[in-house]
Amino acid sequence: MAERKENDAHEEASYDKTLEKRVVRKCDVYMLPILTTVYLLGVIDRTNVGNAVIAGFDYKFLNTTPALYNFAIAMYFISYMLFEIPASLVTKILGFQVWLPIIMVCWAVAAMAQAACTTVEHLIIVRFFLGMAEAGFPPSVIGYVGSFYARRELTLRYSFFMSLITLSGAIGGIAAYFIVQISGTSLHGYQWLFILESIPTIITAIVVALFMTRGPGDARFLTPEERKFAVERLRPEGGPAEIDRNTAKTQIKLAFTDLQVYVYLLMLLLASIPFNTLSFFLPTLVKQLGYTSVQAQLMVVPTLLAATVWMIFNSWASDRYQTRALNLMISHTMSIIGLIGMIATDAKNPSLYPLRYFFTVILACGAYSVLPVIFSWFSCNILGQYKRNVSIAIILTMANTGALVGVQIFPATDAPAFIKGNVICLSTVLAQVILVIGMKFYIESLNKKRDLAVLDKHNYKYDNELKNNKKRLREIAMKLVEDEPRFDEVLCDRHPNWRYIS
């Protein structure tokens, strides 16, 4: 009888594993491509102004100063910060599948309107509305994707989104190469750039409206059995569950009082500075290496492709080995090498242009690859439906301060070396290194305290050798509580049986 039960349990576990693989594969095939496409289009619509700059849509065309021109571009982030949390709440009320198509059409229209700007005041207004429209997407999509995937699967999936930011530069560069050369019409090439690159967003909004659902519980691409399994498999990790109003209020309070939330916020804020600098000014940096405006559009492509490959590999390794701090440190090291190289080499010496291009590639690999790991780190370690959603909104909203800085520190008057901007970026990377190391030791100390508390609770005898063996200590602690809940909606990630990823 016991042997039969053991066989039944083994068969059930095997079936669950097969079902899990099928659910994850369907999410990868049907849901993820649509969302990543939307993300790609959003990035192109907000950053193609970088391609337009070297095609003639610069501060001189708008008859303004470099500082005011950069402020107009940065207006996107100001409105983004103002409307991100309200937009996230609207998403929760209307549902992701309703709100997303609406804001997609709005930001596409705003992006198109940049073609009509003839003064810096026009650009400030248009960029404000563009940021307001896009504000609801990033925090909502992070939470939405997290409702379909386990935390051991998230970093790689987030890397797909982040890789599209780098690929958007490559795709946008190739598209811009051809579009800006359109002639024989009453519109300039950069005006066609704004118009033509916004049309796919409107078309995709229709697809989203027809296909997307509120979550895994009613996903059209899953069978009823798969929907139930998709929801149940994530419950131990803080997946969807019904909670009362008081519990929701408690979770919201925890989001504002958790020290980790603010460390992740500062980490992402600092990472956003070099990231957004490259997102907007990479074509400008490449142009300083002796290329024409048209050539520079193409020469950003190899840089971004290299950054994309490294980002995906680093994210895969992060998921594979369940590490976060180590992967961030490797990427930060690459950024430091790239920035020091850019600062140390003479920007006016043509013989050093190939070397400076190499440093630009290394910098892009490092700066772009940290974001998916940071996203995964806080989304995996923060539990509770409302705590996670509010925490993500807080982190992303305030982190956009970094984006605001990033688009201001490379004014045209600092060309070709951009020493000040490179020094600021280097300072932010060094600060991130300190935060990552501090967070790793803090999290590991919390995990060890909880492991020891479990052993004490179960009267398990241990010596100093076991106490200092983190891996063995974890294995024993998790074995002792394998039949107990790992978290609840009241304590969230402060539950004594929960362990953070470091």
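Placed from the backbone N, Cα and C atoms, the Cβ positions cover glycine too.
So that you can see what the record holds, here are the features copied from TrEMBL:
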TRANSMEM  27-44  transmembrane segment
DOMAIN    31-440  domain 'Major facilitator superfamily (MFS) profile'
TRANSMEM  64-83  transmembrane segment
TRANSMEM  95-116  transmembrane segment
TRANSMEM  122-146  transmembrane segment
TRANSMEM  158-180  transmembrane segment
TRANSMEM  192-212  transmembrane segment
TRANSMEM  261-282  transmembrane segment
TRANSMEM  294-313  transmembrane segment
TRANSMEM  325-345  transmembrane segment
TRANSMEM  357-378  transmembrane segment
TRANSMEM  390-411  transmembrane segment
TRANSMEM  417-443  transmembrane segment
Item checked: For the transmembrane segment (294-313), sequence-distant contacts whose Cβ falls under 8 Å of one of its Cβ atoms, 6 or more beyond its ends -> 51, 54, 156, 159-160, 162-163, 166-167, 169-170, 173-174, 176-177, 180-181, 282-284, 286-287, 334, 357, 360-361, 364-365, 367-369, 372
Note to self: Do any residues, 6 or more residues outside the transmembrane segment (122-146), come within under 8 Å Cβ-to-Cβ of it, and if so which ones?
What the structure shows: 32, 35, 38-39, 42, 45-46, 62, 69, 71-84, 87-88, 90-91, 96, 99-100, 103, 106-107, 110-111, 113-114, 116, 154, 157-158, 161, 215, 375, 379, 388-389, 392-393, 396-397
Check: Who are the chain neighbours of the transmembrane segment (417-443) in space, where the CB to CB distance is under 8 Å and they lie at least 6 residues beyond its ends?
Finding: 260, 263-264, 266-267, 270-271, 273-274, 277, 285, 288, 324-325, 328-329, 332, 335-336, 339-340, 342-343, 347-348, 366-367, 370, 381, 402, 405, 409-410, 500-502
Next item on the list: Find the average pLDDT over the domain 'Major facilitator superfamily (MFS) profile' (31-440) in the predicted model and report it.
Entry: 87
Notebook entry, point to check: Counting only pairs at least 6 apart in sequence, do the transmembrane segment (27-44) and the transmembrane segment (158-180) share 3+ Cβ pairs under 8 Å?
Noted result: yes
Notebook entry, point to check: Would the transmembrane segment (261-282) and the transmembrane segment (390-411) count as touching if the test is at least 3 Cβ pairs under 8 Å, pairs 6 or more apart?
Noted result: yes
Next item on the list: Check the transmembrane segment (95-116) against each of 64-83, 158-180, 192-212, 390-411 and return whichever range has the most CB pairs under 8 Å.
Entry: 192-212
Next item on the list: Would you kindly check 64-83, 158-180, 192-212, 325-345, 357-378 and say which stretch has the most C-beta pairs under 8 angstroms to the transmembrane segment (390-411)?
Entry: 64-83
Notebook entry, point to check: By a Cβ-Cβ criterion of under 8 Å, what residues six or more beyond either terminus of the transmembrane segment (357-378) are in contact with it?
Noted result: 142, 151, 154-155, 158-159, 161-163, 165-166, 260-261, 264, 267-268, 271, 274-275, 277-278, 282, 285-286, 289, 299, 302-304, 306-308, 310-311, 314-315, 318-319, 324, 327-328, 331-339, 341-342, 345, 391-392, 395, 425, 429, 432, 501
Check: In terms of Cβ proximity under 8 Å, which residues at least six beyond the ends of the transmembrane segment (158-180) contact it?
Finding: 32, 35-36, 39-40, 43-44, 47-48, 50-52, 55, 141-142, 145, 189-190, 192-193, 196-197, 279, 282-283, 293-294, 297-298, 300-301, 304-305, 307-308, 311-312, 314-316, 364, 368-369, 371-372, 375-376, 379
Check: So which residues does the transmembrane segment (325-345) touch in its own chain, when a touch means Cβ under 8 Å and the partner is 6 or more beyond its ends?
Finding: 274, 310, 314-315, 317-318, 352, 355-356, 358-367, 369-370, 373-374, 418-419, 422-423, 425-426, 429-430, 432-433, 436-437, 439-440, 502
